[in-house]
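The annotation active site is assigned in TrEMBL to H452. The compositional bias 'Basic and acidic residues' feature in TrEMBL is assigned to 62-95. What TrEMBL lists as region 'Disordered' is 1-34, 49-95. The transmembrane segment annotation in TrEMBL covers 133-154, 174-193, 205-227, 233-251, 320-338, 368-390, 439-459, 465-484, 496-516.
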Amino acid sequence: MAISDVHETSVAGDGANHSSLRRRHSRVASSGGNMFDEAAASAEAVMIDSSGSDDSLNERIGAAREEKVKEKQKQKEEDRKPPDHASRNEVHDGERAAAGDNFTYRASVPVHRRIKDSPLSSRNIFKQSHAGLFNLCVVVLIAVNSRLIIENIMKYGWLINSGFWFSSKSLRDWPLLMCCISLNLFPLAAFMVEKLAQKKRISEPVIFLLHTIIMTGEISFPVLVILSCDSTFLSGLTLMMVACIIWLKLVSYAHTSHDLRSLSLSIEKGETLPNNLNMEHPYRVSFRSMAYFMAAPTLCYQPSYPRTPSVRKGWAFRQLIKLVIFTGLMGFIIEQYMHPIVQNSQHPFKGNLLYGFERTLKLSVPNVYVWLCMFYCFFHLWLNILAELVQFGDREFYKDWWNAKTVDEYWRNWNMPVHKWMVRHIYFPCIRHGMSKNAAVLIAFLISAVFHELCIAVPCHKFKLWAFIGIMFQVPLSIVTNFLRKKCKSSMVGNMVFWFTFCILGQPMCVLLYYHDWMNRHREHN
């Protein structure tokens, strides 16, 4: 009985355990997989067929449960692994596409959300790139100029000949060449004066008088030589430019030496210099520093300059090749385009004014090209070549003058050597002597106008003051462009006025005026 009772109980227990395992198996099978089914089935078979003790049965059941748990954990770890990159992108793209289809392109979604200006409006026009429009302008410029080249050659033929580079008339200009070489005697004389001043053998008034005589003789000698010779315009222009450069250098040498001498005297007396006055270079007269200053591409004297470590011969040679090419291009434009236009023109202030204005506009295009070639050849190529040969370090010969919004800004950025000379030796000395800023600027323009007139009128053998008037006209034009800049702060109206007055109206007009004065002079001589 007992055995029977025990057996029934155990069988009943086995049945209960079996039913519970079957229920557990069904739950695992619904969530797990085939592996769990096989484990559960094997566990059931073991329990049903087993005739062992309860302990043995319980061990087997525990082992089956542990195996199930391990399989569950393994499956969960596999589920936690992230999908690969491609599948993630596909999922995200699909989600974004679904979101875009569902929301972005629905008719109820607003498309106007912010206040926006048109790209070409006054507030936006200079806040974005205009590279496409720039490319269009380049294409149009190439097309228009190609047509002009073909039309010019069909109408006039090939006007360039060997006489453009060298002719028998050039041999008659040898007095100008000798004059140019002899100009080196004037810096030598200025050096001798400073040497005597260093040794304190002459007084300050005598030093000032001697420097004045040297400067006057230096600028007067080439003027007399050019006016006494029937030289070509190009030879006379070259000599006058060299003479003006040397004159500006002599003024800087005398003025700077006087200032260094005064500071040195103050130090000897035990006077305290202001904190903002740094005595970097003591007063020392050196022929080597004077000779280097005369060769360096600068107009402002100082005993020493920033120097580059070596000369890049290959780079200098490449720049020289560019200089020859662009000089030839400039001569081609002058002979092939400008010369026929001015030959077929009338005096701008005589005859039909409308015809004169048409000639001025027609001349403005090749004149702009010549002016830009001249700027590139002289201020960029020639001055950089010279700076490289003498290892001159400060090569800021110009700034972005093409972006000038006022005439003042143009003159500050166009010719940096002259601008620095004007500021150092004209503007601030006038300010220190009690003059107003406007008066100092007016004096600077006056000196610039005198030298522009000398450089053009002397080679033309005609003093009509056209260049002088053109430079002095910059003063009221400066006032106008400053006013426009204040009124139109975000626009380039001042830049447009600058380009129009300089390149479209001013320079072509001066070319026509001086050409007809030159031709009238030749008619008078003949």
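Keep in mind that glycine also has a Cβ here, set from the backbone N, Cα and C atoms.
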Between the transmembrane segment (205-227) and the transmembrane segment (439-459), are there at least three Cβ pairs closer than 8 Å, leaving out pairs fewer than 6 positions apart?
yes
Intrachain residues whose Cβ lies under 8 Å of the transmembrane segment (133-154), provided they are six or more past its termini:
336-337, 340, 365
Does anything in the same chain, at least 6 positions from H452 (active site), have a Cβ under 8 Å from its Cβ, and if so what?
A467, F468, G470, I471
Distant-in-sequence neighbours of the transmembrane segment (465-484), which means Cβ under 8 A and at least six residues beyond its ends:
405-408, 411, 441-442, 445-446, 448-450, 452-453, 455-457, 493-494, 497-498, 501, 506, 510, 513-514, 517
Does the transmembrane segment (233-251) come near the transmembrane segment (368-390), with 3+ Cβ pairs under 8 Å (pairs 6 or more apart)?
no
Should anything in the same chain at least six residues away from the transmembrane segment (320-338) have a Cβ under 8 Å from its Cβ atoms, list it; otherwise answer none.
148, 152, 156, 158-160, 164-165, 363, 366-367, 369-370, 373-374, 376-377, 381-382, 385, 511
With Cβ-Cβ distances below 8 Å as the criterion, list the same-chain residues six or more beyond the ends of the transmembrane segment (368-390) that contact it, or say none.
292, 295-297, 308, 311-312, 315-316, 319-320, 322-323, 326-327, 329-330, 333-334, 338, 397-398, 415, 503, 507
